[in-house]
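Peer 1: Please see the structure below; I have some questions.
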Amino acid sequence: MQAWVIGNWKQNPATSHDVNALLDDLCAAISTTKQMSHDNSARCQIMVAPSFIHLAAVNGRLKDTSILCAAQDVSGHSASVGAYTGDCSAQQIVDAGATWTILGHSERRQYHQESNDTLLQKMIHALSQDLGVVFCIGESQAQYDTKQTLEVIDNQLAVIKEFITQQPELIKALPTRLIIAYEPVWAIGTGKVPTVAEVSATHKHIKQILAGFADSLSNMTVLYGGSVNADNANSFAADPMIDGALVGGASLKADSFLTIATAFSQASI
């Protein structure tokens with residue numbers, strides 16, 4: 001299975017100048033990596049998710065590279081146009097050059113009170129426009145401490161089950177247009193990291209739940225996110241249940257981001 005390493009830039013960098021500087025560093029690092037291994041991009045797909053305001057410019061810079069471009073969210077109100085101040089629709093995001101979007105990140109769930117119903121509408125809008133979905137799930141510190149991780153994940157994955165019920169004509173797109181990112185909320189940006197064994201067991205559970213939804217979902221890509229960095233990437237990449245990483249802070253430094261991508265690329269040999 002091809003690995004995926006996705007950089008979620010969140011509300012960074014601050015200026016267009018800084019965005020271009022990061023892209024310069026990233027493209028230079030990618031070029032060096034390809035010189036070391038021509039098959040690198042085939043083994044590990046790299047993708048970055050900039051802010052909406054930088055989406056078109058980043059896509060323009062990356063269109064002749066193997067790096068894909070994703071949005072960080074889509075409107076839950078309309079897939080195309082409408083009187084929804086501040087929203088960006090899936091159609092607009094595709095027009096800007098993105099081929100994927102992140103949905104359900106814990107920061108969106110926390111700061112914008114995104115519910116399963118909201119995320120279902122966003123998923124429908126995205127996939128109806130052939131915009132792939134990186135669907136984020138994960139438990140809080142309190143839920144982890146009280147051993148509710150699997151219960152929480154099952155509840156969050158219910159969005160996908162309901163999507164299949166409501167949109168049977170789109171089921172065929174899911175194996176190639178849906179990625180799950182398991183991100184324990186307590187590990188995001190904190191430096192706290194679950195053990196590889198814990199992540200592996202959780203990923204196995206996620207894959208089993210998805211396979212139970214539909215036969216076509218028996219081999220889904222599941223990424224890990226939460227304080228992934230250049231120092232621990234090899235450990236996560238070595239586990240066959242972990243198909244890649246959703247990277248936050250480390251994706252804002254080209255060298256560390258490419259070190260993570262190289263770890264998963266080499267593990268896919």
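For all residues, glycine too, the Cβ spot is worked out from N, Cα and C.
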Peer 1: Need one residue: from Gly189, Gly212, the one Swiss-Prot lists with Asn8, Trp9, Lys10, Ser227, Gly248, Gly249 for substrate.
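Peer 2: Same substrate site in Swiss-Prot: Gly189.
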Peer 1: In the structure shown, with every protein chain counted, which of the binding-site residues Asn8, Ser227 has the densest set of Cβ atoms within 10 angstroms of its Cβ?
Peer 2: Asn8
Peer 1: Let me know the most crowded of the recorded positions, choosing from Lys10, His105 and counting other Cβ atoms within 10 Å.
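Peer 2: Checking each of Lys10, His105, the winner is His105.
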Peer 1: Taking the Cβ of Gly249 (substrate binding site) as the reference point, list residues of the same chain whose Cβ is under 8 angstroms away and which are at least six residues distant in sequence.
Peer 2: Gly189
Peer 1: Return the single residue from the binding-site residues list (Gly189, Gly248) that has the minimum number of other CB atoms within 10 Å.
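Peer 2: Fewest other Cβ atoms within 10 Å, among the binding-site residues Gly189, Gly248, is found for Gly189.
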Peer 1: Among Asn8, Trp9, Lys10, Gly189, Ser227, Gly248, Gly249, listed as contacts of substrate, what is the widest Cα spread in Å, to the nearest whole number?
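Peer 2: Maximum Cα-Cα distance: 14 Å.
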Peer 1: For the recorded positions listed here (Trp9, Glu183), tell me which residue's CB has the most neighbouring CB atoms inside 10 Å.
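Peer 2: Within the set of recorded positions, the most crowded position is Glu183.
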